[in-house]
Every structure is written in structure tokens, then in C-alpha cells.
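Enquirer: Here it is: the structure, laid out below.
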Amino acid sequence: MMMNGQKLAPAAEVAVQLPESKVAADNISGTMSGPLVGASGGGTTAAMRPFGRKAEVMHVLLRLLCIITSVAALSFMFTAQQSSTISIYGFMLPVQSKWSFSHSFEYLVGVSAAVAAHSLLQLLISMSRLLRKSPVIPSRSHAWLIFAGDQVFAYAMISAGAAASGVTNLNRTGIQHTALPNFCKPLQSFCDHVAVSIFFTFTSCFLLAASAVQEVIWLSRSKY
């Protein structure tokens, strides 16, 4: 019959060609949906997350250390007070020293409290993003914002530490060509508290500067 003779061969060809065309279509669709989408998604993630996981953990650690040092500076200065007696021209006079008697020390307390609050806020935000496995710095605008904040507070801590250092140095050395003595001899505990507070103040400044440098590196690597 013609069905058995002539029509059978074209049917076989169709049966053979259909799977080949289907395999080719599968290969094309796999190429379009697989490597291309994966490559673009990875590029976006890399652009949004220029830092690795370790760098983000280091960013959070810097915030935590800044909180500790700024709170320590605040605590030591806030507890700096002492009463004693001092000899001037042979007269024993009672003296009392307290951090609130100096505007420089009050300024250091205020700046340290502001830095502690700023660092705590940034730590909470960074920790929440880190636990959700999201980028700690989500965008360039956020990076610029925290960079500006870190710069402002770092300069404020420098000025507070410098002002407090001047007053402390005057207390330790006295005033030349006058009878004013070294006030830190009878007020040793007070001066020690102030010195430790100033040390933690400059340490906080260094940590803020390190955070700012990390944010500059992030801005230089990010594209979005």
C-alpha cells in the first residue's frame, strides 16, 4: 500500500526531527534563563555589597568598641571629683575639684554622650542587617550619611580631648611665676580620672576615623 510504502518514511523523519528541535529549544531557553540571569544577579549583588562578610563584621566591631570607649570616657569624667587641702603661702586651704567646674570637661561629657548614642544607633542598624544577611551599608546615600556623621563626631572628640588636655596640663604643672601650685598633688584621684577619660576620648576618635576610612573604601568600590 501507499501508506506502507511512501508515507512511512516522511513520518519517521518527522518523528526523528521533533526531539532534535525540542532539545535545541531547551538548550536555548536554558542558556537564556540560566547563565545570563545568574551573571546579572551576581553583578548586582557584588555592586551592592563590595565588602565581604568579614569586613562587615569588622564594621560592627568598630561600632561596639566605639560605644565602649565613649562610655568609658563619659564615666571616668563624670566620676571625677575630689576634696582635699592645699598649702598656699603657708596657709592650708580646703579645695574641691569636680568635672562640672570646667567648661572643657562639660564639653567632653556632652560630646562623649553624643558619640555613644550615635554609635549605639549605628550598631543596632548594622546588627539587624547583618543578622538578616543583608548588606550592612545598603546604598551610597546611607554610606555618605554615616561617613559625614563619623567625621563630625571624630572632629568633636578631637576638640573635646584637646580642650580637656589643656586644663589637665595646667592642673598638673601649675602657673609659672605665681604661687599657684600643682593641684594634682592633693587631687591625685581627680586628675587620674580625667587623664583616663581623655585617653578613651582620643581612642574613640581613632575608632570613628577607622569607620570613616572603611566607608570611603565602600564608596570607592560601590557602583549604586
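Note that Cβ sites are derived from N, Cα and C of the backbone, with glycine treated the same way.
Okay, these came from Swiss-Prot:
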type	residues	note
TOPO_DOM	1-59	topological domain 'Cytoplasmic'
TRANSMEM	60-80	transmembrane segment
TOPO_DOM	81-106	topological domain 'Extracellular'
TRANSMEM	107-127	transmembrane segment
TOPO_DOM	128-142	topological domain 'Cytoplasmic'
TRANSMEM	143-163	transmembrane segment
TOPO_DOM	164-192	topological domain 'Extracellular'
CARBOHYD	Asn171	N-linked glycosylation site
TRANSMEM	193-213	transmembrane segment
TOPO_DOM	214-224	topological domain 'Cytoplasmic'
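Describe the structural surroundings of these features, if you would.
Expert: Residues 56, 59-60, 63-64, 66-67, 70-71, 73-74, 77-78, 99, 136, 146, 149, 153, 156-157, 159-161, 163-164, 197-198, 201, 204, 208 of the same chain lie 6 or more positions beyond the ends of the transmembrane segment (107-127) yet place their CB under 8 Å from a CB of it.
In the predicted model, the topological domain 'Cytoplasmic' (128-142) has a mean pLDDT of 87.
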Enquirer: Tally the residues of the topological domain 'Cytoplasmic' (214-224) by DSSP class, grouping H, G and I as helix, E and B as strand, and everything else as coil.
Expert: 8 helix, 0 strand, 3 coil
